[in-house]
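Peer 1: Structure below; questions to follow.
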Amino acid sequence: MLKRRLLLLWALSLLASLVYSAPRPANQRVGIVGGHEASESKWPWQVSLRFKLNYWIHFCGGSLIHPQWVLTAAHCVGPHIKSPQLFRVQLREQYLYYGDQLLSLNRIVVHPHYYTAEGGADVALLELEVPVNVSTHIHPISLPPASETFPPGTSCWVTGWGDIDNDEPLPPPYPLKQVKVPIVENSLCDRKYHTGLYTGDDFPIVHDGMLCAGNTRRDSCQGDSGGPLVCKVKGTWLQAGVVSWGEGCAQPNKPGIYTRVTYYLDWIHRYVPEHS
């Protein structure tokens, strides 16, 4: 009975978010602001996560990092509700709901230190029931080496099907959007988030396991949560971050905050083979 009640409460809260309730001071991310439609040949690792309401509705993004594993944000699937039967995965799709071929999950692994997105460890792994066939249209994104820092000013890309502005949902036919964003140094990002707060500068908001990117014209937003932030390094696309949280979307002095992939590589590789 308790489990059923928790599931009902979780589903109702998810439904409320899908009809765009008023934003909180810090929002888990849902869309692309200041971007444009992606071409069909780009971002072959992009994933749409689905939850069953009247139909399998998109609620978060993700990335294929191995033929049988998807990387996403913990707040999309946890911390309490982890039954894989509740979710489906749609691999690279130009327009949401057009030609769906939904895939079932075998298990969901949420980082054990996750409690809220703002608290960090906002990362989860989804194991597909069956490995996908890798092709030019669908293939994994490479994870970075632990030594990769993605220095401030690096131009990266974030993709998703979320809001295109604060409280402005992506309109039909729901195209995959992309936006180019600059990496923002963590200490600068932390200072920006302390502006107007009374927590004191010695209370960290942006932790080591986080990465900041974006500006007042370009950012991820609500619906993009769990999706990839990718950067091209020496000719190879690497996933630098996972869309996590932020204050509003493309707000002045409030970059988007991402889970820093390199910080969690050891945990990821406990489950995901390093070479597919």
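Just so it is clear, glycine is given a Cβ too, placed from its N, Cα and C backbone atoms.
These numbers come from a predicted model, not from an experiment.
Not my notes, these are from Swiss-Prot:
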type: SIGNAL; residues: 1-21; note: signal peptide
type: DOMAIN; residues: 32-273; note: domain 'Peptidase S1'
type: ACT_SITE; residues: H75; note: active site, charge relay system
type: MOD_RES; residues: Y98; note: phosphotyrosine
type: ACT_SITE; residues: D122; note: active site, charge relay system
type: CARBOHYD; residues: N133; note: N-linked glycosylation site
type: ACT_SITE; residues: S225; note: active site, charge relay system
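In the displayed structure, how are the listed features positioned relative to their neighbours?
Peer 2: Residue environment of H75 (active site, charge relay system) contains 24 other Cβ atoms, counted within 10 Å of its Cβ in all protein chains.
Cβ neighbours of Y98 (phosphotyrosine) (same chain, under 8 Å, six or more residues apart in sequence): P173.
If you take the C-beta of D122 (active site, charge relay system) and look for same-chain residues 6 or more apart in sequence within under 8 angstroms, you find A73, A74, H75, H111, Y114, V242, S244, W245, T259.
In the three-state DSSP assignment, the secondary structure recorded for N133 (N-linked glycosylation site) is coil.
Of all the Cβ atoms in the protein chains shown, 30 others lie within 10 Å of the Cβ of S225 (active site, charge relay system).
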Peer 1: Might you list, by sequence position, any residue in that chain lying six or more from N133 (N-linked glycosylation site) with a Cβ less than 8 Å away from its Cβ?
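Peer 2: Once residues fewer than 6 apart are set aside, N133 (N-linked glycosylation site) is near P67.
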Peer 1: Three states by DSSP: which one describes Y98 (phosphotyrosine)?
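Peer 2: Where Y98 (phosphotyrosine) sits, the three-state DSSP reduction gives coil.
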